[in-house]
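Now, the feature entries from Swiss-Prot:
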BINDING   Asp525, Asp531  Mg(2+) binding site
DOMAIN    591-650  domain 'KH'
DOMAIN    662-734  domain 'S1 motif'
REGION    736-757  region 'Disordered'
Amino acid sequence: MEGPEIKFAEAVLDNGKYGTRTVRFEAGRLAQQAQGAVAAYLDEDTMLLSATSVGKHPKDNFDFFPLTIDVEERSYAAGKIPGSFFRREGRPSTEAILVCRLIDRPLRPSFITGLRNEVQVVITVLSIAPDEFYDSLAINAASASSMLSGIPFSGPIAGVRLALIGDQWVVFPKHSQLKEAVFDITVAGRVVTDAQGNEDVAIMMVEAEATEGAWDLIQAGATKPDEAVVAQGLEAAKPFIRQLVAAQASLAQQAAKPTVDYPVFLPYAQQSYDAVSALALEELGTVYRIADKIERQDADDALKTRTKEAVAAKVEAGELPQSALTEFSAAYKSVTKTVVRGRILRDGIRMDGRGLADIRPLDAEVQVIPRVHGSAIFQRGETQILGVTTLNMLKMEQQIDSLSPVTKKRFMTHYNFPPYSTGETGRVGSPKRREIGHGFLAERALVPVLPSREDFPYAIRQVSEALGSNGSTSMGSVCASTLSLLNAGVPLRAPVAGIAMGLVSDTVDGQVRYAALTDILGAEDALGDMDFKVAGTSEFVTAIQLDTKLDGIPTSVLDGALKQAKEARTAILGVLNQAIDAPDEMAPTAPRVISVNIPVDKIGELIGPKGKTINAIQDETGADISIEEDGAVYIGAVDGPSAEAARAQVNAIANPTNPEVGESFLGTVVKIATFGAFVSLLPGKDGLLHISEVRKLAGGKRVENVEDVLGVGQKILVEITKIDDRGKLSLAPVMEEAADQEGSAAASDGPEAPAEG
């Protein structure tokens, strides 16, 4: 039987001395009933299947495009069996959720405006090499399958990940290569043609961060990822994006279905827009000069109600069609957008009266909650973030079961966005995709400045509570987290601040004019063209996230926005520094963690049979002990003496000084035998007090049962009398101590007997 005809296209990306990476797209063999399906390969071992499906009928009463992106990680792709109880995949991993967001952001604005048929793109990870990322490949696969589906789609969209290793941007780097890199950037874009017929790559999405080892590499002389270097990275992505766009276009020419004429529901008719504009345009100009958010919203709601009533009256009078009522909200929003954007581009003034580069009033405060290990509040205008830091033993770090080679994470950042932060009601509970994404962005911004595990052996959980929201709570979370971590005593290598940039664009005199906005409001985010978040230290950028509603943004515009963001970040860092300029002393409620290194071959001895030895140390000292595979032992306790006592016992076992004949120890009787008593001198070091030596404690009298003289748990001062070839210790009592213990031992009332030979 003859199989299906397979169409393919590929792009070979040249990394110079780092070799080449081959991305291959295939169609026709898999998922043949989906409207569009593509198998995407990265070299030979990593394979994804992307399937794009579309519903047969438009969704009723939807005023948005119902697009769903799902990433299905299959454990078999990495040769694993899931670690869950049922041994099958369950809810998506955090990594899968983040990849969903990464794909959604450039794809969503590329579908035709007004589409209301449900579209679902499912990316299944079928195979992955142990050292590979699959996220950038997934962007290309999703775009390619959408290109083949027959849905009106302004692709292709290509995505690439680049790492700055030395002075070279390496495309599709491996996990192991990031150890040599100072910056890691993922860029999605498309090829556009201007009015003069010139082609360029327009940037649609950026996700970037300084790597975990960036600080040490920079100190060793590596390139510092400042704004200029980041701009170079955006330029470096363009040739690779062109190649991948060309490969997808080649596949589409071979295998794409004819474009289907799906019904499109435009948000409003021109007649509805004109009616709303005539009724509300002038007064909207006044409303959107009110600086206070609540006052502005109240005035806007009142105007919207009056305008809707006027439109309803016109409909009733037959001056407007019935559809004007259903189109009213979209038309009103569009008129509002015209008013706000026009004032920005024309006068350089924003709705709250600020200039384009002005920041709202800032406030920062630390140690705002009792008993927690670290806390802070950061406020920018009406955006208010509470940051709370919790420290614990490294054994509390997050264990990760995913396709990534990363299996644990000691720094965890969680972001919560309750409905009251915007003065509304809503669902509370498990985090949504947006909250997971915002938390991860703040985490990436801070990871490069965290102390190493060796310098600060703690698991760190950072929680950001959005108590008030009016623009960029994620960047507010970065600032609040910096304050809270310092308040908890975490020795950050440098403070980090973040700022959200916006963009407004329009055609003026035949040319597109752009205005970058610093510290955008929530309304400016909704009515603008871009959300560009930049976090960093005073010296370099640590994290970037870019989303746009446009088909793409020129890199020259992004370069200018980066420089504008640097000025704002510097100002915010000054405010943070005034609140706290160095790590505080650790809170008395925080655990004290100390470390000791032991030989790897001593790990088993320290643990003891079935954990007996280590559990005994923990029970006796009250400390928690965790042991790493490399022999690093971390000891934690709420008070210092407990930790030091545990360290002494660990050293006695794993780093002992060899006992010598003649040394005395205050030991504990741990076992009674017919021939004597075993006395514990140090953890893991026992010696035998022979029955002949026990007689000394009984005044030299014959001892039939050792239990008549000694009991388990009894303290006794002994001296080492002999160490045999196997290291076994023979003990004798020190009689001065024995005299003190006559009350508990069955000693005679007579004088001490002389020692027997």
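These residue numbers are counts, starting from 1, taken along the chain as shown.
Quick reminder: no glycine exception, Cβ is built from N, Cα and C everywhere.
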Candidate with sparsest Cβ neighbourhood (10 Å radius) among Asp525, Asp531, the listed binding-site residues: Asp525
For the domain 'S1 motif' (662-734), the number of residues DSSP places in helix, strand and coil: 10 helix, 37 strand, 26 coil
Average model confidence [pLDDT] within the domain 'S1 motif' (662-734): 85
Assigned conformation of Asp525 (Mg(2+) binding site) - DSSP reduced to three states: helix
